Amino acid sequence: MAGTLLQPVALGTTFAGRVSGQRWKSHGTRRPPSMLAMSLSRPVKMAAFVGLRSVHSFSVTPVTNFRSTVASYRSRRGRRARFVTRSMFERFTEKAIKVIMLAQEEARRLGHNFVGTEQILLGLIGEGTGIAAKVLKSMGINLKDARVEVEKIIGRGNGFVAVEIPFTPRAKRVLELSLEEARQLGHNYIGSEHLLLGLLREGEGVAARVLESLGADPSNIRTQVIRMIGETTEAVGAGVGGGSSGNKMPTLEEYGTNLTKLAEEGKLDPVVGRQPQIERVVQILGRRTKNNPCLIGEPGVGKTAIAEGLAQRISTGDVPETIEGKKVITLDMGLLVAGTKYRGEFEERLKKLMEEIKQSDEIILFIDEVHTLIGAGAAEGAIDAANILKPALARGELQCIGATTLDEYRKHIEKDPALERRFQPVRVPEPTVDETIEILRGLRERYEIHHKLRYTDDALISAAKLSYQYISDRFLPDKAIDLIDEAGSRVRLRHAQVPEEARELDKELKQITKDKNEAVRSQDFEKAGELRDREMELKAQITALIDKSKEMSKAETESGETGPLVNEADIQHIVSSWTGIPVEKVSSDESDKLLKMEETLHQRVIGQDEAVKAISRSIRRARVGLKNPNRPIASFIFAGPTGVGKSELAKALAAYYFGSEEAMIRLDMSEFMERHTVSKLIGSPPGYVGYTEGGQLTEAVRRRPYTVVLFDEIEKAHPDVFNMMLQILEDGRLTDSKGRTVDFKNTLLIMTSNVGSSVIEKGGRKIGFDLDYDEKDSSYSRIKSLVVEEMKQYFRPEFLNRLDEMIVFRQLTKLEVKEIAEIMLKEVFDRLKAKDIDLQVTEKFKERIVDEGFNPSYGARPLRRAIMRLLEDSLAEKMLAGEVKEGDSAIVDVDSEGKVIVLNGQSGLPELSTPAVTV
């Protein structure tokens, strides 16, 4: 912390003693000022370091000043110099540095040209936040009293301060003792607590007299410091006296966490189930050699929980005698590697760790993400952690539990057979829904305490079931636990909000405060006084409302009554917000929307009752939860002639029920006519361009799992596409090029095809031409059977057999074409309204459009061309000529010769052939 020195610092043996006013130990007389000035002009040397450059404000002094100061002190007398390693300086913590800087400031304040033990004591008290400051404060020692005592003992200096403020020999001794104390405690840093321990251990000097004057007991202070840094007085006393810490494990304590201790303190979550896995782990740990289980499973299935469960069993004594009394220590590999700047540091740390484990014989090491051992610490010519640990793992000297995912195990550990044979794999499967419910019940109390609310049984059951059904890219119980956690957070935030009445009063308060300030600026003090009184009144009302709300919540919690409650609806809301799939119960508004779906779709799709009804039935079935959960919502193939509304129906459904036409995933299958383009659906294979981008179909469905998927012109696709779609239609799943399973269970699949168009054209001449209903219906049935036969010849039977329904669209009648014409004309009117032009057309013009646009073989597309030619082209010419401008109204009619005329409604118009109408 205090800086890194690349070379040992050579420090001289001479030392400038205390300044004028203080006796020198080698002389009985005071030193004259000339000698003092001469001695101060020379560099000051000491065994550790001499001091720091003076600063006027500690808070703005960067740490680099401390480093550069320490690094700059080198002895000019190299032969007689004593070398001190860099380890002492680089181990100072930020708080220890602050203590030294404050000690220097105290020396300047008192006018002393030295830093003694008393200044270090004042620095320890003044630092305020460290362990040393807290202990001294608890003993009743404050900075003011300590300063008074220091001045009583040594007085004030003459105010002359040298550029470099040195440490006295006794202060230097305190720093050396603090390093020893840190080592004996097993710490690789020097903090404020170690400086205080060094000060107490020195036992003499001004600081000891100050503490004695203030009534502090040094042994009591030491005991409190030891207690606060987690050690016992006896252990440290033995370490100090004997010079060896015996059974202490400083490296393991620094880089590991004792799970057994956490279990004894009740800080671990309860582990429910997993009995077979825990028993297998215990069996492997009891082996003589290669006693290292490796937990392998998908992310989130509870691998770490098994290690925690073992620690809990050990803490309660519910284990065989072979591992009774052992400690489960989880190793932080990141912390172990961090800071190893020089070659050999990482290996040294790891070897120390292994030695401590071997000597203890009661440690079970748990390494989460055990694959990080491979390559950890490896550099040019260095050995990684896995190779260092291999001998100990094989001989049984080190009991290690590893945990990793299946993918990481395959990528890293299986590639190294020597490491793989040292670990015994323990498969951790994903728990079932019922097991997950039991796990959630076991965790319920912890989450209720954290969120300060209660969970119903229905909430826990729905969390397990809904997460299993709708969240497909994660694993139980992790996703179910996350659901109840976020639902608890949502409910807690909802109940913690300010009451609505208080919010309204707060708005009024802000306005009154603004008006009051304005009145003060305009010197209308009478009005400002009235507003101030109103402001105070509102503040009191808001405070009273908030307090009342808090009291009610507290009373509800204490009485065990209603209070915040997480129910099934809250879980459903979280699932919907995660996935976009509506799983909440159907509201009354949505019920009306679903029941009137046919009517709404017919506003855009004219005719085609069979298709509209089939689509509506499937959506209603899925929304109320009656569909097969392992298949898509529905899968249709729309066959029929071109231009009758097959693609339009899919767009209308997406716009009406899913929010917008953009909510639909549309794939034009004419883009997948060649064999090599088929892979674009699921992603390019490894080694090909586009592998990292994912598939067009799979990525779109992963991002939006609840949607309409339209495969337009399906018969244009390469035959390999149909092979790929078999598992989508049957099981609602597809695996992309990266091996990820994409869920299609909440998609509505629509395929359009023109197969059978020729059959419809030949057999449909009678359809819609003044036939009675029975004749129309029988003709449609006959045509449908012919189209289905033709589709069977084109598509493979296993593909057709997986479809829910094959719907044959009818040819459009002239009456239906007229209705479509009105819809298309309305679109033109809306575009002109944006340009502030009001357009009207006559009935005669409509009939002209229908006559030209009606073609049973081509559907409604000729109608669009007729509107473009007869209406849009004529109108564009008039607008360019300036005859129709913004703000005008235009009327489109047909004259006696059949020509289209556009008349400006602002001028006098001749009598129209038929009344003008708007759509």
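Every residue gets a Cβ built from N, Cα and C, even glycine.
The feature transit peptide is assigned by Swiss-Prot to 1-54.
The domain 'Clp R' annotation in Swiss-Prot covers 89-231 and rests on sequence analysis.
If you look up Swiss-Prot, you'll see 92-157 marked as region 'Repeat 1', on the strength of sequence analysis.
Annotation comment: Swiss-Prot describes 167-231 as region 'Repeat 2'.
Residues annotated as region 'I' in Swiss-Prot: 252-499.
The annotation ATP binding site is assigned in Swiss-Prot to 297-304, 640-647. Take the CB of Val644 (ATP binding site) and look out to 10 A: across all protein chains shown you find 28 other CB atoms.
According to DSSP, the domain 'UVR' (506-541) comprises 33 helix, 0 strand, 3 coil. According to Swiss-Prot, the domain 'UVR' annotation covers 506-541, on the basis of sequence analysis.
Here Swiss-Prot flags 566-757 as region 'II'.
Summarised by DSSP class, the composition of the domain 'Clp R' (89-231) is 96 helix, 7 strand, 40 coil.
Listed in sequence order, Lys303, Thr405, Leu406, Arg427, Val428, Pro429, Glu430 are the same-chain residues at least 6 apart in sequence whose CB falls under 8 Å from the CB of Gly297 (ATP binding site).
Of the listed binding-site residues Lys303, Lys646, the Cβ environment within 10 Å is emptiest of other Cβ atoms at Lys303.
For the binding-site residues Pro299, Val301, Gly640, Thr642, the ranking by surrounding Cβ atoms (within 10 Å, all protein chains) places Gly640 first. This prediction places the mean pLDDT of the region 'I' (252-499) at 84. Taken residue by residue with DSSP, Thr642 (ATP binding site) is part of neither helix nor strand, so it is coil.
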